[in-house]
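Participant: Please find one structure pasted underneath; my questions will follow.
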């Protein structure tokens, strides 16, 4: 069992006062008539409970009622709104909407698709398209290229350095990537507008990369260009812009950038890193900025079955394809169990929502408050039943109540497995001699690559033995079968194996989290709608920690900082039109302008922060 998390301050009690009298108010007449009997029964209960109940369970039972001990503070403590002191940087986007739209639309018009079979840069001429993209950036952002030091890395990745006046301060690092996933030729006719047109229909900018991730890359460059153009901002803290070129396939560009930054600035040299990630979502009647403070791990497992070949007119009971199908079926019959730990950001997300969101499901709120109460009882225990109930909500309840799409909640609290590739057989009348399948795994933050391997071996080995197949798992022989064998199973990882990311801070005692949350609150409070609508002006945004089920280039930057926040300031009813990685990818123009405004405010707020 894990002990209490070091970030237990994120699970602070709520401010609803409850007393013991509120919970138990027997009638005076009943108590006077039965007081002695009640006392004897209660004493007997305590004695028996101490004898037959484990101490931790007793503690958990009493921790559940810790709210009865007095006033609770909010589980959703937020930083105060932070606004740039120097001047109103939000004014820099006023009357700039068309220009901002054109910056992104033009970037979409330069295709930068990458494919899994790309060769090395310099050897595969398909990389040459990125020269055109960098020409576009140089033409579109002349002040950035004039005033910032530009260093190409890995040929098509690039680092921009805006040198600050105080080299003792840790730099701010804004990252993104210029490559996109491909547009499948067979789906091109399904697009509402050509995927490389950058078409603006008066509401949305359409095309591949408009959301993932040219909006992030162009948004950061646009903010710096506007700041330079204003002539009013000269950074005290160095600002770094690092843009990879192969995030969708390998991340080698980001790795080279990370090495360059570490070589110049050192390990743990970055104040805060912002990369693509989660956005702003409405849940249960409340708006939440939900940066991913962690990422799941990832690895691919290859299963190979080798069997005797021959003519298909005299087949064995199972061919190699049949055997591998049965092994895959065994894996899918034994999915990884959900595991939500008390120190997970997802726990803080729910405990915050329990205090902040008016429409949160009643049972979820009840269990969240019970858990928060028990953590703050300071007895070193927490309410495991409440934690399990919250885990169950993520697994099934989040879909049943319409909060999340089916499978999304389970994926956030479990290691997932997906059989994505299978190869075998060359001719219809020839038995396949070698069949392979590749299973992609996204590893729960409470697990590891090593634990995943143990699970795979524990499932595959008995299934292979039952089929009379010998097995080699991760370089070692697992079962030693005597006599003739039907074949052999070889299980191993592919080249890629990544443990879950270290969690970034998400409590108010951390200055990086304070400036992040304070900026979100300040930018939201000054959005255009707040100035023209009184009801909008009253609305608040709450920042909560979240997780990413996928992986970003941030995996290459772990040496540089623990303050990594994967976030795009995108909100509104239509932001989910993004359709990243599929047809009709698009982004709302108004949302993108607000994203640029967020970058402007964040850059200046971080520069003015004195405690980073």
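From the backbone N, Cα and C atoms, a Cβ is placed for every residue, glycine too.
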Participant: To which of 98, 116, 275, 281 does TrEMBL also attribute binding of Zn(2+) 2 at the site defined by 177, 212?
Facilitator: 275
Participant: Give me the Cα-Cα distance between residue 177 (Zn(2+) 2 binding site) and residue 247 (active site, proton acceptor), rounded to a whole Å.
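Facilitator: Cα-Cα distance, residue 177 (Zn(2+) 2 binding site) to residue 247 (active site, proton acceptor): 6 Å.
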Participant: Nearest to residue 248 (Zn(2+) 1 binding site) in three-dimensional space, by Cα, is which of the recorded positions 179, 212, 275?
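Facilitator: Going through 179, 212, 275 one by one, the Cα closest to that of residue 248 (Zn(2+) 1 binding site) is 179.
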Participant: How many other Cβ atoms sit within 10 Å of the Cβ of residue 212 (Zn(2+) 2 binding site)?
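Facilitator: Step by step: centre on the Cβ of residue 212 (Zn(2+) 2 binding site), count other Cβ atoms within 10 Å, giving 23.
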Participant: On the three-state reduction of DSSP, what should I expect for residue 179 (active site)?
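Facilitator: Reduced to three states, the DSSP call for residue 179 (active site) is coil.
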Participant: Provide the number of Cβ atoms within 10 Å of the Cβ of residue 581 (Zn(2+) 1 binding site), excluding the reference atom itself.
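Facilitator: Counting Cβ neighbours of residue 581 (Zn(2+) 1 binding site) within 10 Å gives 14.
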Participant: Taking the Cβ of residue 248 (Zn(2+) 1 binding site) as the centre, count every other Cβ atom within 10 Å, in any protein chain shown.
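Facilitator: A count of 22.
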Participant: Can you figure out which of 179, 212, 275 (the recorded positions) comes closest in space to residue 581 (Zn(2+) 1 binding site), comparing Cα atoms?
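Facilitator: With Cα distances computed to residue 581 (Zn(2+) 1 binding site), the winner among 179, 212, 275 is 212.
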